[in-house]
Each structure stands twice: as structure tokens, then as C-alpha cells.
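Single-structure report; data block below.
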Amino acid sequence: MGFQRSISSSSALKWLGFVTAVWVQAISGNNYTFSNYSGALKSLMNLNQLELNNLSVAKDVGKAFGILAGLASDRLPTPVILLIGCFEGLLGYGVQWLVVSRTIQPIPYWQMCIFLCMGGNSTTWMNTAVLVTCIRNFRRNRGPVSGILKGYVGLSTAIFTDLCTALFSNDPASFLVLLAVIPFAVCLTAVFFLREISPASSAAEENEETRYFTIFNIVAVVVAVYLQSYDIIGIKTGVFSVAFASILLFLLASPIAIPFHSFIKSLNHGEQDDLEGRIQEPLLRSEIAAAEREVVVVAAVAAEQEVKKKKPVLGEDHTIMEAILTVDFWVLFVSFLCGVGTGLAVMNNMGQIGLALGYTNVSIFVSMTSIWGFFGRILSGTLSEYFLKKAGTPRPLWNAASQILMAVGYILMALAVPNSLYIGSMVVGVCYGVRLAITVPTASELFGLKYYGLIYNILVLNLPLGSFLFSGLLAGFLYDAEATPTPGGGNTCVGAHCYRLIFIVMALASVIGVGLDLVLAYRTKEIYAKIHASKKSKKSGGSLS
């Protein structure tokens, strides 16, 4: 009876931890909000476009130091990792607020780069703590976990943007206050509840996970539609704005009902557990034994190859050195670069792209990219898991499909067809979201969970690298080549020609990414066939019991 009741209580705690993880992700996409205050930095510091783009690169370079978070994830408890992230973010964004609000004089350029780097690095600690812990807690549902968590990262830009618009009339200084204070407060809350707990060990627990993840998906979609509706309606003042903010906060808090439901459900079954304890305990142990046997089955072929090769194969735990010595790691790495690098360039330059095309208010495009990025993340996570269980479809195929669509979006923006920026914002958002949501479980399936925190952060090096190549170099140099100088040392460019060549180059990079994704899908089809067989046998075993 005690064993059974402990399982029930740990289930409620696991879901409470996942809810706080969702909240952390809902505020950890602040790295994608640079366009909302970049104009203020450009004017206050008298920067040209190349200098401004290099500030955005400094922000993304912070992610390169995410390797430290990856190393720490195997040595420090989750609460400590969260604390490091929230204090670093408070300092990084706090100093930016002091400058933009004119509380202090503009600091030297190199110092601003450091504080932007700190703000960018803070999210790597938050994301590592959340992803590593939740993927381990729900290892049988990696696709939905990745889709939901990464989906809320995508929504976070829209959440911050719309809250600031509603409450502070889109003031850049107020926006930076939100970026500094809200992540700090939310992470302090998560410190008490987010920790590793034993994963599901029975078919009943897996079915419960599926039901609860469905509820999380529904709530997330409601939040996304609500945010998009606010952008479309356009009424952003007075009582309406306060009501919008209140309802949004209620929707974000609503998933807390799930752990409460899980806990009450365990209490209601308490008496039944007392009467049937002697029966249930051996049954549960047999289910755990069945789960252990399943792990053995999944690794059987890999174990045979290990005897011959004396090194891990796909599907087994790899150290970082073992992973980077494989062809598959570098195919995944470079294809990821082609997707997230070009996507980041658009997000970092959205303010200037909008102004070049004649839009005075670009916050709607920032918000749209965020919201449609959410749909890309959450749908790809759920659909890839469904087709993996149904037919063994390799996850990299979803990345290939997203890259094709992304190339089309860049071509449309290069041609500057009517409403191309609206279409481009949606397409880039969706495809960028797919890349992030698919690559997270793919890495864990190919290289294992033991060193996943570090491997994930090595892959995330693509964010600063892609930002430097496509935003700092490509977009910065080509924009400045087309721009005309302005008094004070800055420059400006108006017209479709400002970014045309940039979009064409990024479309070509996307085509390269498609080819690499198809190669990876072909090379990993056997491991996904084994995962499919494992999930199918688990389902059959659960139905028989």
C-alpha cells in the first residue's frame, strides 16, 4: 500500500514540476524579443546597422556558454541551475533597462555586449534545467514534452510583447523591466517544485500522461489563439487592455489544475489501494519488470554491435566526444544551423525589415513570428510522436519538410509581394519552431539521455553561430551596403532592395538544410524502426495486462 501511494504522490509532484517548467518556458524566450527595443538602443548609442546586428550577435553568443549549463546539468541539482539562470538574467536585462530608461548614461559598446551576452546566457540555464529534467521524467513521450515546452518558448515573445503593449503602450524601457523581473520571479517559484522523478513504469501511467498532455496542448492552443486575436483586434488601450492581461495570466496559470487533479485522484483511490495492496504491488512490480525488459529489447541490436565495435551506436548513451566523432551528429548540427541560423536572422532584423518595407509598427510581426512558432513547435512535437508510434517515421523528415517551406517563405519576402511580411512572419515562425521541437527529441533518441544536457547545449551553439553568420555578417554587411548614412553616425534603408539579396542567400541555405535532413532520415531509419517496434510491443503488452 505504501509503495502504491508513493507512486501516486510522486505522479502529482511530477506534474506540478511540469507545470512550473511550462511557466519557465513561457518567460524564457526573451532572447527573441530584441527587435522590440533594438530601435531604442540604436538611437541612444548612435549605431549603424552592422553595430546593432553585432549587439544581437552578442546576445546570441551568450548561448555558446550554454555548454557550462550542459556540464552543470550532470553535476548540480535542477534548483541550482535555475537560480544561476534567473540571477544572471536579472543583471543582464536590468542593466539594459537602466540604459534605455536613461537612468544611467549609455555605457561603452563593449560593456553593452557583455550584458546582452549575460541576458542570452541566462536562458540556457533555464532551458537546460527544464528540458533535461522533463525529458527524463517523461522519457516515453519525448515528442509531446519537447513540443509543449518549446511551444511555450515560442509564445513567450508574444506574451511579453502583448503584455507590454497592453499595460505600457509598447514602451521599450517598460518592456526591459518585464524581461528582467518576470523570469526571475517565475524561476524562484520553479526552484521548489522542478526535480527529477521516476518516469512512468506502467501502461496505466503512460495512458494518464497521454491524457494530461492532450490537456496541456489544448490550453496552449487557446493561449496562442487568444494572443493572435488580440493582435488582430487592435484595441490596445484602457480597460480592454487590463482585461486582456488578466485573462492571459489566468490562462497561463490554468494548467495548475492538472497536478491537483492527479493528487485528488490518488486520494480517492486510497481506500482501494489499502484493500488491494497485496495484489497491486506485485502487479506493479511485474509492469516495472516488463518496462525493464523493453529497454533490453530496444538496446538488443545495439548491444550486439557494441561487442563487435567496442563503442556505442545510435540509440545508446554517447559521451560528447563519442557523439561528435559520428557523421550523424554533424549532419544534424549543420542542418540545424541552416534552419535556426536563418530564422534568427529574420527575428533579429524584424524591426529593420518592417521599416524598410514601410511599416511603422513592427511589433505585430514580432508577435506573429512568436505565435506561429508556437504552432510549429507544438504540432511537430505531437505529430512526429504520433507517426513515430504509428509507422516509425524518422523525425528528421519533419525537419526536411520545414526547410522546404522556409525556403519558399524567404523567396516570397525577397520578391516583396503584397503582404509578404505577414506571410513570411508566419512561415519563418512555424518552420523555426519545427526545427527546435524536432531536434530536441531527435538528439536524445540518437545519442541517449545520460549526457543529454551537454549534447543539447553543443547543438544550441548553432544559435550564436547562426546569428553571427546570417545576422551579424550577411544581414549587417549587405544592409549597410544598401543604406544611406544619417546624421549622428547611423544609417537607414527603405525599400524591398534592402534585404532582397539576404533572403535569396538564406533560401539557398535552407535548400542545403533539406538535403542534409533527408540524408539523416535515411541514415537513422533503422533506429526509428526499432523505436517504433518498441512502442508497439509496449502498447500490446499494456493491452494484454
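Cβ coordinates are placed from backbone N, Cα and C, and glycine is handled just like the others.
The annotation domain 'Nodulin-like' is assigned in TrEMBL to 14-260.
Residues annotated as domain 'NFD4 C-terminal' in TrEMBL: 325-528. Each residue in the domain 'NFD4 C-terminal' (325-528) has a pLDDT score, and their mean in this model is 86.
TrEMBL lists 80-97 (among others) with the feature transmembrane segment. Within its own chain, the transmembrane segment (80-97) has Cβ neighbours under 8 Å at 24, 30, 37, 41, 62, 69, 72-73, 103, 107, 112, 115-126, 128-129, 173, 176-177, 179-181, 183-184, 186-188, 190-191, 194, counting only residues six or more beyond its boundaries.
For 109-135 (among others), the entry in TrEMBL reads transmembrane segment. Here the transmembrane segment (109-135) has long-range neighbours at 17-18, 21, 24-25, 28-31, 41, 45, 47, 51, 54-56, 58-63, 65-66, 69-70, 72-73, 78, 81-82, 84-86, 88-89, 91-93, 95-96, 99, 142, 145-146, 149, 153, 179, 183, 187, 190, 194-196, 440-441, 444, 449, 452-453, 456-457, 460, 464, meaning same-chain residues at least 6 beyond its ends whose C-beta is under 8 angstroms from one of its own.
Annotation source TrEMBL lists transmembrane segment at 147-168 (among others). Packing against the transmembrane segment (147-168) from elsewhere in the chain are residues 21-22, 25-30, 32-33, 36, 127, 130-131, 134, 174-175, 178-179, 182, 213, 216-217, 220, 223-224, 227-228, 230-231, 236, 241-242, 244-245, 248, 252, 363, 366-371, 373-382, 385, 429, 433, 436-437, 440: each is 6 or more residues past its ends and has a CB under 8 Å from a CB in it.
Positions annotated as transmembrane segment by TrEMBL: 174-194 (among others).
Distant neighbours of the transmembrane segment (215-233): 18, 22, 144, 147-148, 151-152, 155, 158-159, 162, 166, 244, 247-248, 251-252, 254-255, 258, 364, 367-368, 371, 374-375, 378, 382; these residues of the same chain sit at least 6 beyond its ends, with a Cβ under 8 Å from one of its Cβ atoms. According to TrEMBL, the feature transmembrane segment maps to 215-233 (among others).
Annotated transmembrane segment per TrEMBL: 239-258 (among others), in sequence order.
For 329-347 (among others), the entry in TrEMBL reads transmembrane segment.
Per TrEMBL, the feature transmembrane segment maps to 353-375 (among others). Same-chain residues lying 6 or more positions outside the transmembrane segment (353-375) and placing a CB less than 8 Å from one of its CB atoms are 29, 32-33, 35-36, 151-152, 154-159, 161-162, 165, 170, 220, 224, 227-228, 231, 346-347, 413, 416, 421-422, 425-430, 432-433, 492-496, 498-499.
Here TrEMBL flags 421-442 (among others) as transmembrane segment. Long-range Cβ contacts of the transmembrane segment (421-442) within its own chain (Cβ-Cβ under 8 Å, at least 6 residues beyond either end) map to 131, 135, 142-143, 145-147, 150-151, 153-154, 332, 336, 339-340, 343-344, 346-347, 350, 353-354, 357, 359, 365, 368-378, 380-381, 384-385, 395-396, 398-399, 401-403, 405-406, 408-410, 412-413, 456, 459.
Long-range contacts of the transmembrane segment (454-479) within the same chain, counting only residues at least 6 positions beyond its ends with a Cβ under 8 Å from a Cβ of the stretch, are 49-50, 53-54, 56-57, 59-64, 66-67, 69-71, 73-74, 120, 124, 127-128, 131-132, 318, 320, 323-324, 332-333, 336-337, 340-345, 348-349, 352, 439-440, 443-444, 447, 493, 498-499, 501-502, 505-506, 509. What TrEMBL lists as transmembrane segment is 454-479 (among others).
Per TrEMBL, transmembrane segment is recorded for 499-522 (among others).
Of the candidate ranges 174-194, 239-258, 499-522, 499-522 has the most C-beta pairs within less than 8 angstroms of the transmembrane segment (329-347).
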